[in-house]
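If you check TrEMBL, you get these features:
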type	residues	note
DOMAIN	53-95	domain 'Stomatal closure-related actin-binding protein actin-binding'
DOMAIN	99-266	domain 'Stomatal closure-related actin-binding protein coiled-coil'
COILED	187-229	coiled coil
DOMAIN	280-377	domain 'Stomatal closure-related actin-binding protein Ig'
DOMAIN	380-487	domain 'Stomatal closure-related actin-binding protein PH'
Amino acid sequence: MTRVSPEFGDEVQAVWTLSADVSFQSNQFPKYKLGPDNEILEEIKEDNKGPPLKEVVIRETNQLTEQHKRLSVRDLASKFDKNLAAAAKLSEEAKLKEVASLDGHVLLKKLRDALECLKGRLAGRNKEDVEKAISMVEALAVKLTQKEGELIQEKFEVKKLVNFLKQASEDAKKLVNQEKSFACAEIESARSVVQRIGEALEEQERNQNPGMQQELEELIEEVQEARRIRLMHQPRKVVDMESELRELRLQIREKCTISLNLQNELARSMKAEENMYRLYELSGSETLGSILRIQPCSDKAVELAKCSIQWYRLSSQCSRREAILGANKCVYAPEPIDIGRVLQADITSNGLKVTLTTDGPIKQASDLGSYLEALLRKPNNDFSVVISQMNGRNYSSHSVHLFHIGKTRIKLSRGWITKARESYSRSMQLCGFRGGGNSAAKSLFWQARKGQSFVLVFESERERNGALTLARKYASDCNFMLAGPDDDALL
């Protein structure tokens, strides 16, 4: 075989070390032995489970170094070692001097040209080996191109990430500086406020009289003594002090109770003293569901049957009062419209007028709220009632009727017989019964339409007040005001 002239030896010195993950068309070199004249003496059968590629390369290199120098493999190997050292040296110099390295594709091209030149001079099995080497060099060139693309992409991503981190760092610095300025402003503001408060406290301390200053000092000493006891781990004394404080609180509570009882007794005595000079008084609880009754409290009082009586409602500011139409008896049962208002009654006889006023506004019954919630959860509500009057006349029958309150109408019936059934309208009236009697708190007045009215007695005061409130709510949903005579202004 002809010796290959190593004209490209100086250029191969810059060959870089190849990456270990390069894929070749064949994972091992062909296995053969050469004779003295470079003739193939024996061909070894390929074994899929052969030694690793690294061991094959070492063995083949050792074999080639023992052959004739005209193959120039020894020169190439020695130059390869020198090139490796030179490449390392050039790499270090490139880092220091910032000199760009040679292009890998140029080296691969020159290596391929050398192999092509060698291929033209060889024949047989050696030519096939050179062709395989050329294909491996081409695969290496493709792999190198891919790696360069990946490195360029990674370099772009890293540069992009560096820019993003740089921007984020700048934004963070701006935010920190802004928050720092805000914090400094808040600190200065708080410092000025604390300074003003301290000056005010000092001024207050200077203005305090000596007695208060002494009490304050004694209190501070007591607090310090308590803290000292805590620090000295003497819980017994602390427990004694807490028990004394508890007893003092109980005594103060008892004193407050006694004081409140004395005030109530004094108020009752003053009221009794006032009643000595009064002719009439109001009796009954000022709560919805009760009955207010006018009673004489003096022998000089004229009989109520011979007097003229009129009940009034006072506005929330007590600036004006409004007459309750039809409330002219000595008994009046407050209805839901009276809640929060003060009631008055004028008693007139022989030109003398006496005015009685409730001690406070009418209060709502405690159980009315929960009862209304239960009624509102039902679509329709029926109440058992007895008709007391019909069209202003006493009703003789005392049979039980059903008073139905719906969302759009009210109906009064007994079994299949309907006494009245009307939708909510302007002509409809509904209010508490104002004609007196012992059942006034359980009675209401209902005018279905003009010319048809009823006085209905419920089973309890709660049902009567619940029916009034429920009907007025449903009428309000239908854009109508449901009240008694002349009561529209109060709604």
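Cβ atoms are placed via backbone N, Cα and C, with glycine included.
Where the annotation comes from TrEMBL, it is an automatic prediction and has not been curated.
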For the domain 'Stomatal closure-related actin-binding protein PH' (380-487), the averaged pLDDT of the predicted model is 90
Counted with DSSP (H/G/I as helix, E/B as strand, rest coil), the domain 'Stomatal closure-related actin-binding protein PH' (380-487) has 20 helix, 49 strand, 39 coil
Helix, strand and coil residue totals from DSSP for the domain 'Stomatal closure-related actin-binding protein Ig' (280-377) stand at 15 helix, 39 strand, 44 coil
